[in-house]
Amino acid sequence: MAVFVANESGANDVDEVRLTALARFVLDAMKVNPLAELSVMLVEEKAMADLHVRYMGEEGPTDVLSFAQDDAFDASWSESVDDDPTTLLGDVVLCPDVARRQAEQAGHSHERELHLLCTHGILHLLGYDHAEPDEEREMWKIQNKLLASWDTAVKAAGGKRPAGGADGADGAGEPGPTAAR
């Protein structure tokens, strides 16, 4: 699974390696086709506010936006692969400054908030939504379970920063945590 993280926010307190590992972990736990690609972009507040107005019609910056590349894309893993085995799942855009404020309000770390938002954005790309109360309950339940599994995997790895994704395949020689299924 290819996960690309680009930090264009100017925030120097974002652990991009760990964010990449988390995204791979979530994709693996959700049984997304291992040939899918995901990009995660971290942007400044102004850029996020511009995206928020342009695509959601709402003023001001938000914490996370998701942009699916192909609404018809079946993200589930399959034994059969089309002629083009690589499919773009989509983009998750995060705003570290908004996440920082939300983390302070929630009483947890900035990194924890970014992990929550990245997981949330990925779930949107996989078709989850929270427009209705029952959808919201389901999405939050899955989101919380994924984050708890991530925490358990990180603790099992001795608290080390996971260098790899759920499969540990990043070429760094340090395995990442394995997704709980």
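From the backbone N, Cα and C atoms, a Cβ is placed for every residue, glycine too.
According to Swiss-Prot, the protein has these features:
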- H120, H124, H130: Zn(2+) binding site (BINDING)
- 161-174: compositional bias 'Gly residues' (COMPBIAS)
- 157-181: region 'Disordered' (REGION)
Discussion item. Using the Cβ center of H120, H124, H130 as the Zn(2+) site position, which other residues in that chain lie within 8 Å, going by their Cβ?
Written reply: V64, S66, G121, L123, Y128, D129, M139, Q143
Worksheet item: Which of the three DSSP states, helix, strand or coil, fits H130 (Zn(2+) binding site)?
Response: coil
Fill in: Nonlocal residues around H120 (Zn(2+) binding site), in sequence order (Cβ under 8 Å, 6 or more apart)
V64, M139, Q143
Item to complete: Return the residues near H124 (Zn(2+) binding site), defined as same-chain residues 6+ apart in sequence whose C-beta is under 8 angstroms from its C-beta, sorted by sequence, else 'none'.
Response: S66, A68
